[in-house]
Each structure stands twice: as C-alpha cells, then as structure tokens.
Amino acid sequence: MQKLTILGATGSIGASTLKVIEQNPDKFSVVALAADSNVEKMQQLCQRWQPEFAVMANKEAALRLKMALAVLAPNTQVLGGQEALCYVATLEQVDSVMAAIVGAAGLVPTMAAVKAGKRILLANKEALVMSGQLFIDEVEKSGAQLLPVDSEHNAIFQCLPQAVQGNLGRCDLASQGVSHILLTGSGGPFRYTDVAELEAVTPEQAIAHPNWSMGPKISVDSATMMNKGLEYIEAKWLFNANRDQLKVIIHPQSVIHSMVQYLDGSVLAQMGEPDMATPIALTLSYPERVKAGVKPLDFTQVGELTFLQPDFERYPCLALAIEACYLGQHATTTLNAANEVAVAAFLARQIKFTDIARVNDSVLNQVCKQSLASGLDSLESLLELDRMARTLADEVVRERAQ
C-alpha cells in the first residue's frame with residue numbers, strides 16, 4: 001500500500017489524483033491533504049477521505065477548517081502555515097508526495113519532500129522553473145525519485161528508454177539515440193484569433209480552454225502559451241536537453257501529448273484522451289500500470305491530427321520563456337514571478353490580456369540589466385529574487401493599469 005501526501009488537494013490535479021486512488025483503493029491510501037485556503041472543498045475531502053492530517057497554508061483558513069472538522073472528521077489533525085506543508089511533505093510514513101500547489105508557493109514544500117527522499121509526483125512545473133539545477137542536485141543528493149505529472153512531460157517520459165526514465169535531470173539523450181523532444185501544445189483558445197483583437201480578450205474568454213479542464217491561472221498561461229514556455233524550461237531540466245534537442249509544435253487536437261524523435265528516423269508519440277488522470281495514474285503506479293477511470297481513445301472519432309509551427313507574434317510569452325531558458329536561472333525565476341503577478345492582474349481586470357507579455361518582458365529586462373546571474377545557489381537566494389521580481393512586476397502593473 002503506497003501512502004500519499006497530496007499538496008494542492010483542492011485543485012484540479014488534486015481531484016484527478018483522488019479519482020485515480022478511488023479506482024485503486026487496495027493500492028493507495030491518503031495520509032495528508034494540503035491546500036491554500038479553500039475550506040469548503042477541503043472539508044468535503046476530509047469528510048470523504050478521513051486523512052491523518054489536513055493542512056491549510058492560510059492559517060486563518062486552518063482555524064475555520066479545524067472548527068468544521070471537529071464533528072465531521074474528528075481524527076484528522078488540522079495544521080496551518082508553510083511549515084505545516086513541509087511537515088506533511090516529509091512525514092516518515094509517507095512514500096509519495098503529489099506536488100500540485102500552483103506557482104512559486106509550491107517550491108518550498110516540494111523541495112522539502114525532495115530532501116526527505118520521497119517519490120515526487122511533480123505537477124508543479126514552477127518548482128523546476130524557479131530552481132532548476134538546485135532542484136536536480138537535491139534529487140540526486142537525497143535519492144528521491146522524480147516522476148513528471150504534466151501531461152507533456154509524462155508523455156515524453158513514456159516515450160524515452162528506461163535508462164533515461166531512471167536518470168532524470170542527468171541523462172544523456174544523444175547516447176540513448178534521441179535526436180529531438182517534440183513538446184506539443186494546443187495553442188489555446190486564440191490560435192485563430194486576429195492578433196489585433198487579442199488586446200480586447202476578457203478573463204472569461206481566456207480561461208475557456210478548448211480541450212483541457214484546468215484552473216484559472218494555468219488556463220490563462222495556456223492562452224498566452226506561457227504554459228508551454230514554462231513546460232519548455234521544465235523539459236530542459238527533466239531531460240537534460242539542449243536547445244537543438246527541444247522543439248515546440250502546435251497540435252490543436254491535443255490527442256498526441258508529446259513525441260520523441262530518434263536518430264534512426266523513428267518517432268514515438270504518446271496519445272490519449274485529454275484527462276490528467278492518465279499521467280497521474282502512471283506516476284502513482286510506475287513502473288506498473290493501474291486503472292485511471294479514463295475512457296480509451298476511440299480512433300474512429302479522432303478525425304484529423306494537425307501540426308503547426310508556433311507564431312511568436314501571437315505568443316510573445318512563449319518566445320520570452322525560451323529566451324529566458326538559455327539566459328540562466330535568474331531569468332527563469334524572474335519570468336515565472338512576473339508572470340504570476342501579471343496573470344493575477346489580468347484576472348482582476350487591472351491590465352489587458354496583451355499586457356501580460358509586456359509586464360513579463362519589462363521585468364525580465366530590468367532584472368537582466370542588474371547582473372543578478374551569480375549567487376543563486378540556495379533556495380533562500382532564489383526566493384529573494386522571486387520577491388524582488390514580484391515587486392517590480394507590481395510596479396509595471398500599476399503603470400499599465402493607469
């Protein structure tokens with residue numbers, strides 16, 4: 001029986017993880033559920049799963065949850081704050097940690113789980129975007145096992161040889177016959193919208209993703225293709241890929257979730273319904289397979305599969321992310337922070353959709369001019385840079401909002 005802590009239990013990844021566990025009650029059990037502030041949802045989950053621990057990052061929310069669970073789940077211990085997230089991520093009885101807290105907030109507890117040598121089911125791409133080499137080094141040092149949950153990275157993982165699967169972050173793709181990793185993306189809801197009309201896009205339009213069901217932040221990132229940019233950075237670290245080995249392709253149908261091209265001309269593609277339960281099930285059970293509760297792909301209903309080159313005029317955030325990836329750790333940490341601030345401002349109707357890329361570009365330029373590339377060798381230094389970039393992004397947002 002594999003025992004789990006789920007960080008980000010009230011989000012869409014948390015829901016899909018619990019769906020897979022429900023399909024396989026004899027294989028997995030929930031020790032701890034953790035979230036930010038959604039007390040109502042957490043209350044329902046605790047009532048259903050009766051975990052040993054329930055954690056709310058927001059301490060006020062933790063107090064409200066504690067009162068609510070006194071009768072509904074009296075055996076569940078309720079904890080609050082960032083330290084509590086790290087505590088349940090490192091519990092001795094826990095085998096695996098689903099790292100699904102959105103954004104920079106997920107980095108510290110995910111890193112704590114890595115240092116504790118856990119099996120890390122990595123759904124929080126920002127952890128690698130923000131800490132890159134530091135993260136990979138800690139995985140190697142602690143002997144933690146890293147398994148990618150993101151559908152694209154999970155697809156790539158499945159298409160790679162076992163020698164690479166067991167050596168993420170350190171592998172040599174060329175020695176295993178790999179020529180290219182092809183990262184696919186749908187292009188979001190605006191791939192055919194006139195570029196001039198993007199300025200007027202509303203938050204409601206931006207979060208209506210054509211293929212996937214996701215939270216608001218990642219839905220906006222998919223619309224700008226920043227999500228693909230962050231995935232590009234994550235893929236660079238996970239698969240130790242260089243610029244020539246990593247390519248982004250637009251695939252509107254989201255049937256193929258990514259591909260690996262080999263030196264002999266072969267291309268392996270992983271296909272399936274756009275349902276996160278599939279990659280989650282694989283990370284939970286790897287190297288075995290378990291039921292995920294996902295209907296099989298019906299090829300007679302698939303229709304055509306199309307592929308396009310990304311248009312960087314339409315997706316300036318994707319271009320920024322690829323550029324940041326090769327500028328260094330200071331650039332990717334900065335870009336991630338600026339983007340989180342910009343997306344929140346757009347969702348709050350403070351800036352336009354097209355301002356997201358402008359905020360990101362402005363903050364990235366300001367930080368790169370300050371020569372902050374050195375000295376980012378600790379979690380504290382990265383978090384300090386993250387805070388600085390957010391402050392700069394707030395200033396740019398205020399300017400653009402006027």
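We count from 1, first residue shown onward.
Cβ atoms are placed via backbone N, Cα and C, with glycine included.
Listed in Swiss-Prot for this protein:
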type    : residues                                                               : note
BINDING : THR10, GLY11, SER12, ILE13, ASN38, ASN124, GLU126, GLY215              : NADPH binding site
BINDING : LYS125, SER151, GLU152, SER186, HIS209, SER222, ASN227, LYS228, GLU231 : 1-deoxy-D-xylulose 5-phosphate binding site
BINDING : ASP150, GLU152, GLU231                                                 : Mn(2+) binding site
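Swiss-Prot feature annotations superimposed on the structure.
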residue : record                                      : Cβ contacts under 8 Å, 6 or more apart
THR10   : NADPH binding site                          : ALA35, ASP36, ASN38, LYS41, MET42, LEU45
ILE13   : NADPH binding site                          : MET98, ALA100, ALA123, VAL149, MET276, ILE280
ASN124  : NADPH binding site                          : LEU7, GLY8, ALA99, ALA100, ILE101, VAL102, GLY103, GLY106, LEU107, THR110
LYS125  : 1-deoxy-D-xylulose 5-phosphate binding site : ASP150, LEU230, GLU231, ILE233, GLU234
GLU126  : NADPH binding site                          : VAL102, GLY103, ALA104, GLY106, LEU107, LEU230, ASN336
HIS209  : 1-deoxy-D-xylulose 5-phosphate binding site : SER186, GLY188, PRO189, SER219, SER222, ALA223
GLY215  : NADPH binding site                          : GLY11, SER12, VAL102
ASN227  : 1-deoxy-D-xylulose 5-phosphate binding site : GLY185, ILE218, ASP221
Cα-Cα distance maximum in Å, computed over every pair in LYS125, SER151, GLU152, SER186, HIS209, SER222, ASN227, LYS228, GLU231 that the record assigns to 1-deoxy-D-xylulose 5-phosphate: 19
Cα-Cα distance, maximum over THR10, GLY11, SER12, ILE13, ASN38, ASN124, GLU126, GLY215, record's NADPH binders, Å: 21
Surrounding CB atoms that lie within 10 Å of the CB of GLY11 (NADPH binding site), all protein chains: 23
Neighbour tally for SER12 (NADPH binding site), based on other Cβ positions within 10 Å of its Cβ: 18
Spatial neighbours of GLU152 (1-deoxy-D-xylulose 5-phosphate binding site) that are distant in sequence (at least 6 apart) but have CB under 8 A: LEU183, THR184, GLY185, GLU231, ALA235, HIS257, SER258
Remaining residues near the recorded Mn(2+) site, that is with C-beta within 8 Å of the centroid of the site residues ASP150, GLU152, GLU231: LYS125, PRO148, SER151, HIS153, ASN154, LEU183, ASN227, LYS228, GLU234, ALA235, SER258
Cβ-Cβ neighbours of ASP150 (Mn(2+) binding site) (radius 10 Å): 25
GLU231 (1-deoxy-D-xylulose 5-phosphate binding site) CB neighbourhood, other CB atoms within 10 A: 29
